[in-house]
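Data first, discussion second: the structure below is written as structure tokens.
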Amino acid sequence: MASSFRASKWDPILIIAQITSLQSLCYVLYSIILYIALTLTGTDASLDLIFNDKEIRTDTGFGWSLIIVWVVNACLCIPILMMIVQRAKQILDYVLTFHFFHLICVWKISHHFPTGTSWWVLQVVNIVIMTFGGEWACMHREMKPIMIKSGVKNKNKDVNLASSSSSNTVPEDEEGLLNKKSKRKASDAAPKEVEDDQGALLAAVGKAKKALMSTSGRSKRTTRKYDIIPMKDMDQDINNN
């Protein structure tokens, strides 16, 4: 049986194999049903019951029994069409091909072209039953949900890989956070050092200012003392000398 997802390209070997298998299985199935009917009626088996259009008659009971056998065979061939063809749009092609080869076989074995009206009507009825039944079966099969076990396994593998990757990425995230924190601490420590340096400079400048102020104050005090010295004392010193 061909795959449901086979390519739609032209494949002569596959088409020949499908036509051959369909033709053979339909004849085998018809032979089994015909053997059961002949056993019940007590009639001898013959190829003319399959490949002779004169046997399909509506004026005898045996002719109607052959018609019923062909109709039952057409109904039972629907699962065979579904398994072999598998595509609803190709059912009619294979059904027509089957009946075309059946016409060739009837023509060759009976040595005349089939002209019986009952036989042609039966072929049309069989074509209708097999075509509509096969298309419905294929469409019903195509609409069923497809269960893919390998997809579930792949999903489980993906989940396991995701969980393992997440577990592996947690330490990396922690390391990233630690690096960021260390960088922040370093960046915070740098301004503090700058502030300490600036504070030391400001303290030194303040001390220098205080020293200058103290020296300037002393110098002012000494000048004030010299200004306060009385002139009388200076005159006495000069006279004594």
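For all residues, glycine too, the Cβ spot is worked out from N, Cα and C.
Note: TrEMBL annotation is automatic and uncurated.
The compositional bias 'Polar residues' feature in TrEMBL is assigned to 161-170.
According to TrEMBL, the feature compositional bias 'Basic and acidic residues' maps to 224-235.
What TrEMBL lists as region 'Disordered' is 159-196 (among others).
Annotation source TrEMBL lists region 'Disordered' at 210-241 (among others).
Here TrEMBL flags 12-38 (among others) as transmembrane segment. Same-chain neighbours of the transmembrane segment (12-38): 2, 6, 44-45, 49-50, 65-66, 68-70, 72-73, 76-77, 80-81, 84-85, 94, 97-98, 101-102, counting only residues six or more beyond its ends whose CB sits under 8 Å from a CB of the stretch.
The feature transmembrane segment is assigned by TrEMBL to 62-84 (among others). Same-chain residues lying 6+ beyond the ends of the transmembrane segment (62-84) with a Cβ under 8 Å from its Cβ atoms: 1-2, 18, 21-22, 25-26, 29-30, 33-34, 37, 41, 43, 49, 55-56, 91, 94-95, 118, 122, 125-126, 129-130, 133-134, 137-138, 141.
Residues or ranges marked as transmembrane segment by TrEMBL: 91-109 (among others). Residues of the same chain lying 6 or more positions beyond the ends of the transmembrane segment (91-109) and with a Cβ under 8 Å from any Cβ of it are 18-19, 22-23, 26, 47, 51-53, 81, 84-85, 123, 126-127, 130-131, 134-135, 138.
TrEMBL lists 121-139 (among others) with the feature transmembrane segment.
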